[in-house]
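Here's what TrEMBL has on this protein:
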- 1-510: domain 'Neutral/alkaline non-lysosomal ceramidase N-terminal' (DOMAIN)
- H77, H187, E429, Y481: Zn(2+) binding site (BINDING)
- S232: active site, nucleophile (ACT_SITE)
- 523-680: domain 'Neutral/alkaline non-lysosomal ceramidase C-terminal' (DOMAIN)
Amino acid sequence: MGYANASQLGSGVRQRLYSRAFIVADLDKPEDRFVYLVLDTQSGDTAIRNGTLEALRALGGEYAVYGNQNIALTGTHSHSGPGAWLNYLLPQITSKGFHKPSYQAIVDGTVASIVQAHKSLAPGRLAVGHVNVTDANVNRSPYAYLANPAEERARYDHDVDKTMTALRFINARSNDDIGMLTWFPVHGTSMYGNNSIVTGDNKGVAAWLFEKSTNDPNFVAGFSQANVGDTSPNIHGAYCEYGAYAGETCNFKTSLCGNASQPCHGRGPHWGLHDGGAASTYEIGRRQYQAAADLLSDSDAWTPVTGSVVKSVHHFVDLSSYHFALPNGAAVRTCPAALGYSFAAGTSDGPGAFDFKQAQPNDPHANPLWAYVGGLVHSPNDTQKVCHGDKVILLDVGESHRPYEWTPNIVDIQLLRVGPLFIIVSPGEATTMAGRRWKEAIHESAALILADEAIAGRIDADVAQEPIVVLGGPANTYTHYISTPEEYAVQRYEGASTLYGPWTLDAFVNLSLTYLPLLSSSAASQLPNSELGPRPPIQVNDSLSFITPVVVDRAPFFKKFGGIIRNVKPTYRVGETVSATFVGANPRNNLRLGGTFAEVEQYDLSTRRWRRLRDDSDWSLLYEWKRTSEVTGTSEVTISWETKGKPNFRGSYRLRYYGDAKALGGSINPFEGVSGSFRIV
């Protein structure tokens, strides 16, 4: 997926991508449960969720308790993961269509995480904690944020949310911590658009650091997104990186440098290292990890989750024409999905191509060619134009149905509850203020639900709590952005990417409040696999693909797969990078799910055997693949180990490469390569 740039092609792995599953169930009514999934992907997806549900139905038996009503599939919004797995045509275009193996890998990993979580279910306790993370996010669209009412903005200290909320999972029998799920808003754009290596971005780093710090292989740390829409990890601001305005800050309103958006880019904490953003990614991830770790160690910071109520509700709703009334009584509606001109301008995290600009939808100097190009997709009629208001439509995707659906009109409304904790599962990227309004509306209504339950004696009035509301996403079906009507009117990137018109946020709030009473302890539980509302199209078997398959892998003359091309040196100093290059093969032949392409081995003097020290889930180990000849099918793999840090590296080490080569007849054969041994001094 990357930055939806067709030239951004993957070339290796710095960090494996994971699905992390958290299951909460009522001990007295075990059929009342939900699964909250955190995937190291750009977002949730309609087809991925559907494939997960189909796989669970196929498992049957004890897994029949999981279904459409109680599975929330969220993505961390990493922009450095593979593409070609999403359900709708628009995000498929820049990845040359749909790639079934990539889709299947995500489904398989997601299902495996649910199975593992299910098998480890045990009586437990939950607690909620909060911690401020002041140095890990900024607002990348402050001009649009300032369009919100001054009295509303005055209620908050920052133009992004700085509070991380965490849910702590404790084994009731052993009293051990077994997991933690956090919500904090920061875009997964620490790795830049020139990066070609797979990572989980900053939230992937945070989860890896946390899980590693526990020394418990069964501990699960989920770092979920929140109201992420207008946040950025590039905390030092946006600057013009080249051209006549190099070194100056980008235009506050338009993020332009002169008259171009491409030179404008946000700067992370380690900007300027020319490492594709890797050091900044690690640092923003480390700051989230450190805040979560400090919170976990503070016994006074946690509030137990009281009560045993566990509820979930999921409805599909067609937002192409949803009519409803605002709280002031005004009748409004949503529109078929469409994207505005500023969508194509991108953001300071990832500028767009060509001559598109933010916050200038009616630019008199706009290239008239784009109106023609947009018309080739579908020309919006007057009703559609009026419905979208301030948005000048570039891509009328919601009314484009050929060769199949371009983007969703049917979306998910999902809410989860455990005790006083209410979780909004958002299909889109809610901006800071949009998320605040949404959470506030749920909080007010949830407080009434809790009060009614206390009066009726369904919960203990002595331990009744104020509702705690969090928002997680982008989840289930990716619907781009959800901005406030005021931000929408500005038509920066976030407003132009708000698919269903100016009342998109209000529609989501209205629908959430409509279904919120189903989370009351007195409401009948929905059957896990019941589907409520219109069913979205599943386009896995209809999607186009122009991705060239692997034809053949060959080793150069007088070489064998896994053979050494460039070996390690005999010795290295701590802090140096160790690397070796091998005769390689295309990694698409075998994704090695649950395995590794590379590892560092250490010689154990006590057993006189080599043992694994690092694998490709480790941030410090880098696997890079390069095709050296398309004609002959030869390629190279370089494995690099960054030894910086404080571990005691005394001893002997070597690098190992795991590969799979495709023969001309189609068979795939595994092989291994091993470097020479080396010492670190």
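Yeah, the Cβs are placed from backbone N, Cα and C, and that goes for glycine too.
Locations of recorded TrEMBL features on the structure.
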| residue | record | DSSP class |
| --- | --- | --- |
| H77 | Zn(2+) binding site | coil |
| H187 | Zn(2+) binding site | coil |
| S232 | active site, nucleophile | strand |
| E429 | Zn(2+) binding site | strand |
| Y481 | Zn(2+) binding site | strand |
Integer Cα-Cα distance in angstrom, H77 (Zn(2+) binding site) to the residue listed as 'active site, nucleophile':
12
Rounded to the nearest angstrom, how far is the Cα of the residue listed as 'active site, nucleophile' from the Cα of H187 (Zn(2+) binding site)?
5
Distance check, please: Cα of E429 (Zn(2+) binding site) against Cα of the residue listed as 'active site, nucleophile', rounded to an integer number of angstrom.
13
Environment of H77, H187, E429, Y481, the listed Zn(2+) site - residues of the same chain whose CB lies within 8 A of the CB centroid:
Q225, V228, G229, T231, G428, P474
C-alpha spacing of S232 (active site, nucleophile) relative to Y481 (Zn(2+) binding site), in angstrom:
15
Along the domain 'Neutral/alkaline non-lysosomal ceramidase C-terminal' (523-680), what average pLDDT does this model show?
95
Around S232 (active site, nucleophile), which residues of its chain at least 6 apart sit with Cβ under 8 Å of its Cβ?
N137, V138, N139, R140, V186, H187, T189, G266, T347, S348, D349
